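Features of the protein shown, as given by TrEMBL:
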| type | residues | note |
| --- | --- | --- |
| TRANSMEM | 12-33 | transmembrane segment |
| TRANSMEM | 45-66 | transmembrane segment |
| TRANSMEM | 142-161 | transmembrane segment |
| TRANSMEM | 167-189 | transmembrane segment |
| TRANSMEM | 209-228 | transmembrane segment |
| TRANSMEM | 248-265 | transmembrane segment |
| TRANSMEM | 277-295 | transmembrane segment |
| TRANSMEM | 301-322 | transmembrane segment |
| TRANSMEM | 334-353 | transmembrane segment |
| TRANSMEM | 365-386 | transmembrane segment |
């Protein structure tokens, strides 16, 4: 790959770092928001829904308007929104209504994160080179490295500086999207497919195989985020583990193993069958949810949380790769629509987990209910394997 394209790839990696930071920072501050501003579980759930609901709206926006506005303009705008939202998160709760200020900053961050997600994957997919699924997995591993960085950095900062200084953290993390904004102003972008060569959305929506991809994307988002969004609070309040210990052994190790799974597939994935890997991941993920919810020893629950990160690692990028392979001319619209359903899962999964977690048995009950998401993923992957075989017997883009 030429040097100029390597710069584009690195900018894409930094884009996913930004998304990992945005999606992980707010849940880490849940206990701070509870103690400082007396936010309840319902309000915390609303922040999760606001984040991913906003990303969902941006997914829909990207399907219809990105090609008209231009890829570079949307990329720079997305990073501006991400950086601005993080800065506002550190400022607004101290000068206006705390919940309103946090909610507004979450919306800004969600707009930036949603656009980054919709644009960066098709940009990487359009770059010259082979082994697209491995490259996609490597790209998504940087989402995990962003999570690891923000979880470890934020947890240690809160421990040593005190929770009263929390507002400095989002302002510091805003440096990463701000720097990447400048980078995307200069890197080369591959030419967009001419409209006549793209697979129309109507054709995609008439394909049962693509509709199945959308359902599996929803389950992938729900399975990943139901665990990662609630694990910090569950470790501290449900298991009685100190915050720093719980965050490092729970969500931080979750993100680390998720990144390792994506890195391994990025390095060796061309030798593996992606269908079989995703099926194995789905079965294992369901087991991790059961272990997290039912284990009485805190260490076993945290182990279930951490291992869940490895099992969900390939779900999201894997569905991108399977869809791209089945519909190679889908373009930005195809990725955007996949992201729509993925973010529906990211929003609905944690919300439903919190809703069920409000019952008699707390978050254990919610996490046990969330086992339904990887279970549906298992059934869906079995159907996908069957439909993929039938698809190969027909034409590549018809169903």
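Here the Cβ of each residue, glycine as well, is placed from N, Cα and C on the backbone.
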Contact call for the transmembrane segment (12-33) against the transmembrane segment (334-353), three or more Cβ pairs under 8 Å: no
Residues from the same chain, set at least six apart from the ends of the transmembrane segment (45-66), whose C-beta lies under 8 A from its own: 22-23, 26-27, 74, 102-103, 106-107, 109-111, 113-115, 117-119, 201, 221, 225, 229, 332-333, 336-337, 339-340, 342-344, 346-347, 350-351, 354-355
The transmembrane segment (334-353) versus listed stretches 209-228, 248-265, 277-295: most Cβ pairs under 8 Å: 209-228
Folded-back contacts onto the transmembrane segment (248-265), same chain, C-beta under 8 angstroms, at least six residues removed: 20, 24, 27-28, 133-134, 137-138, 140-145, 147-148, 151-152, 155, 224, 227-228, 231-232, 234-235, 241, 272, 277, 299, 302, 305-314, 317
